[in-house]
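S.K.: Would you mind keeping the following structure in view while I ask a few things?
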């Protein structure tokens with residue numbers, strides 16, 4: 001049963017990350033004709049296409065993709081808790097799972113971008129999209145801390161900021177008195 005839970009949880013998280021990538025790519029105005037962008041659109045289009053006719057976009061945010069990502073996070077919470085209930089704690093857990101997945105996605109994009117910058121040297125279409133994704137997040141840090149000696153420290157600063165936010169959210173959840181949510185947050 002734990003193997004099935006792990007497998008289902010992983011598949012849900014991966015598809016949620018692809019949905020979040022789609023939202024992020026639209027927000028960052030990534031090159032739509034890039035092969036990686038086309039992959040993300042083709043993987044998500046069967047579910048998002050019909051929903052977009054019913055659910056309009058909220059400015060630069062693709063609300064249909066965000067809704068499906070939240071529903072998948074809610075399903076992941078049910079899978080992790082191994083209980084089918086619609087109590088508010090499960091809805092909150094779904095939101096926390098979605099927020100944690102956003103943080104993990106940012107971390108992985110930064111890590112893969114850094115590794116690819118050492119290996120591919122700008123020839124990969126994936127690297128081009130990752131740079132387009134990370135640039136809006138790194139630009140404010142680069143304004144405060146420009147590259148020193150040709151080394152850009154902004155990705156490391158952003159990863160450190162993600163860790164601080166992660167610990168801060170855990171402390172806030174612990175202060176609520178509910179022991180389930182901080183444990184869930186740290187276990188994800």
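Heads up, the Cβ atoms here are built off N, Cα and C, so glycines get one too.
Look at Swiss-Prot and you will find 1-21, 67-87, 89-109, 145-165, 168-188 tagged as transmembrane segment, backed by sequence analysis.
Situate these features within the shown structure.
M.R.: Through the fold, the transmembrane segment (1-21) approaches residues 40, 43-44, 48, 65-66, 68-69, 72-73, 75-76, 79-80, 82, 98, 101-102, 104-105, 108, 133 of its own chain, all at least 6 residues removed from its boundaries and within a Cβ separation under 8 Å.
Within the same chain, residues 5, 8-9, 12-13, 15-16, 19-20, 23, 47-48, 51, 55, 93-95, 97-98, 101, 184 sit at least 6 positions outside the transmembrane segment (67-87) and bring their C-beta atoms closer than 8 Å to a C-beta of that stretch.
Tertiary neighbourhood of the transmembrane segment (145-165): same-chain residues 103, 106-107, 110-111, 113-114, 134, 137-138, selected by CB-CB distance under 8 Å and a gap of 6+ residues from either end.
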